[in-house]
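Have a look at the structure below before the remarks.
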Amino acid sequence: MSTLPAFQDEFDVIVVGAGHAGCEAALATARLGCRTLLLTLNLDKIAWQPCNPAVGGPAKSQLVHEVDALGGEIGRVSDRTYVQKRLLNASRGPAVWALRAQTDKREYSAVMKQVVENQPNLLVREGMVTDLVLDANDTVIGVETYFGVAFRCQAVILTTGTFLGGRIWVGNKSMPAGRAGEFAAEGLSQTLARLGFEVDRLKTGTPARVDRRSVDYSKMEPQPPDEQVRWFSFDPTVWVERPQMNCYLTRTTPETHRLIREHLHLTPVYGGWVDAKGPRYCPSIEDKIVRFADKESHQIFIEPEGRNTPELYIQGFSTGLPEPLQLQLLRTLPGLENCIMLRPAYAVEYDYLPATQCFPTLMTKKIQGLFCAGQINGTTGYEEAAAQGIVAGINAARFVQRKPMITFPRQESYIGTLIDDLCTKELREPYRMLTSRSEYRLVLRSDNADQRLTPLGYEIGLVSEAQWQVFQAKQRRLAAETQRLQTTRIKAHEPVGEAIVTATGQAIKSAIALEELLRRSGVHYELLDRHGLGNPDLTPQEKEAVEIAIKYAGYIERQQREIEQIARQEQRPLPVDLDYFAIPTLSMEAREKLSAIRPLTIGQASRIGGVNPADINALLVYLQVQQQRQSLTAVGG
């Protein structure tokens, strides 16, 4: 803007959007001592779950544990508002175990609203930001709202979700909206484009909701909760067990598939009205029928939206078909033959900024002090949003306080993997976190997220002194228990030794340490408990953590060595102002990609699409030659 507006108030940081990214970002900056303003279109929809009311799942649960370990909120609120919890992939190794909580969506929003509204240093208010105020150096110094109110600040975090230029579709009918019943954010996309950002479109969708009083559960397969409740948070003060509810499983039928195939042309994508890319790993039901034409049936999960609402979420059944057809489709599912639809499914397309325009700190490359987090960066999922939110919040606070910003290496956390992928790879579809995206998943488990990240959270000031004491006490217990298991031995001829041989079917030669016993296949800590050899002072989670560390010690040590070896080369910094076009040994594609993305390290450069190993070698040789020339110049001078 050419002339500065009259600022109504001044803050250190302004966060635009109060979804899952925005709440984590605002809480982080406020807790780190920044006076923070959190602006939202609707104070009654803070941390709303517009799609599935659930947190966690494969790879996503690891993100939640990591955010919690850093001092974030998503895990704590999920633990306080769950209606069902299950451990997914329990029959596989601990690297891919995934805790998933079905949450009460209204309670979740209310609890998070209470948290942000009672956070010191944080003001939450309504407002639609349409413009950014920059100084002469293209550094952000404020925002302006649709109704002309301006606020001064030193940093802005954009966490706008699906609201930027949002448009929802049901069949060929559409309207401007960020979510059903909520108007879209207008103006900010145009501002960002005017400032030189690349702005593109993505699409997502949500299924219909039906009235649970109209559903016949006897025709479905119950999906009960786990008997042993597990927790996202490492803070025992939020571990309150509550009554749980069942989810249910039904399946599509030949009639479902027939109706979809006959009416594909009526959907926004197949009808040609929307060409934005949707999420590959959360496809619409019509995409499933087209892409997996040989499959006779698809699983559909029926999930409660809360304890005190009749609404059921029909997971796996999002669609862009017209509303009258949606009811016909729903009634082809066993158990839903007489269902009443309370809300139709819809698709939503929205603007986003490809995240290659951000540094791994999540600050944009074009504008100092401007950060982006969540769906505006091209991700899908509450957990991915929360992870980016806390990183953007940490770094916005450090930017304001003139402290060095923090980059999360991909080999140390799923958060690091997520952000490295976003800032390095050219993604043209909504990005979802998967365990397969991490090369280091055996080390990056849920159970050790606090060991990996809580020291950092404490060092930067996000983890409180009380939380730090809880963490340290836990580490002391784990160390003491590991030592006890190493030194406690049982003899084959003793009654307990004979009982264990009988229980496991595995012989004990003369005597065996409990640690060695736990290393054996099929032997778990519960066996020690059963025979009076366990430690009653440990929580179930701590017993599990000790067992994993012992049972997989060899694999973990090997992966740790690989990480250290790779890190030595990966972390080699690249000059921010390096002229890649002046390096003739690089391919032209590599020069273009490296110039556009401007990676901070050799490791990041190696993961850019179009940059091959030969280019990395050429880059290393060039840097070596430049370093030698500088050394010679220094000696000669």
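From the backbone N, Cα and C atoms, a Cβ is placed for every residue, glycine too.
Swiss-Prot annotations:
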type	residues	note
BINDING	GLY17, ALA18, GLY19, HIS20, ALA21, GLY22	FAD binding site
BINDING	278-292	NAD(+) binding site
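A gap of 36 Å separates the Cα atoms of GLY17 (FAD binding site) and VAL290 (NAD(+) binding site). The most densely surrounded of the binding-site residues HIS20, ARG280, LYS288 is HIS20 (count of other Cβ atoms within 10 A of its Cβ). Highlighted in sequence order, VAL15, CYS23, GLU24, ALA25, THR40, ALA47, THR159, GLY161, GLY374, ALA385, GLY389 have their Cβ within 8 Å of the centre of the Cβ atoms of GLY17, ALA18, GLY19, HIS20, ALA21, GLY22, the residues recorded for FAD, and are not part of that set. In this structure, the C-alpha atom of ARG280 (NAD(+) binding site) lies 22 angstrom from that of ALA21 (FAD binding site). The two recorded residues, GLY278 (NAD(+) binding site) and ALA18 (FAD binding site), have Cα atoms 23 Å apart. DSSP assigns GLY22 (FAD binding site) to a helical segment in the three-state reduction.
Cβ environment of ALA21 (FAD binding site): THR159, GLY161, ALA373, GLY374, GLN375, ALA385, ALA386, GLN388, GLY389, ALA392 lie under 8 Å away, each six or more residues apart in the same chain.
Cβ-based crowding with a 10 Å cutoff singles out ALA18 as the top-ranked of the binding-site residues ALA18, CYS282, VAL290. Following the DSSP three-state reduction, the secondary structure of ARG280 (NAD(+) binding site) is coil. Separation of the C-alpha atoms of LYS288 (NAD(+) binding site) and HIS20 (FAD binding site): 28 Å, rounded to the nearest whole number. Sequence-distant contacts of GLY19 (FAD binding site), defined as residues of its own chain at least six apart whose C-beta falls under 8 angstroms from its C-beta, comprise ALA47, TRP48, THR159, GLY161, GLY374, TYR382, ALA385. SER284 (NAD(+) binding site) has HIS20 as its nearest neighbour among the binding-site residues ALA18, HIS20, GLY22, going by CA to CA distance. A sphere of 10 angstroms centred on the C-beta of GLY278 (NAD(+) binding site) encloses 22 other C-beta atoms. Every protein chain considered, the tally of other Cβ atoms within 10 Å of the Cβ of PHE292 (NAD(+) binding site) stands at 11.
Counting every protein chain shown, the Cβ of GLU286 (NAD(+) binding site) has 22 other Cβ atoms within 10 Å.
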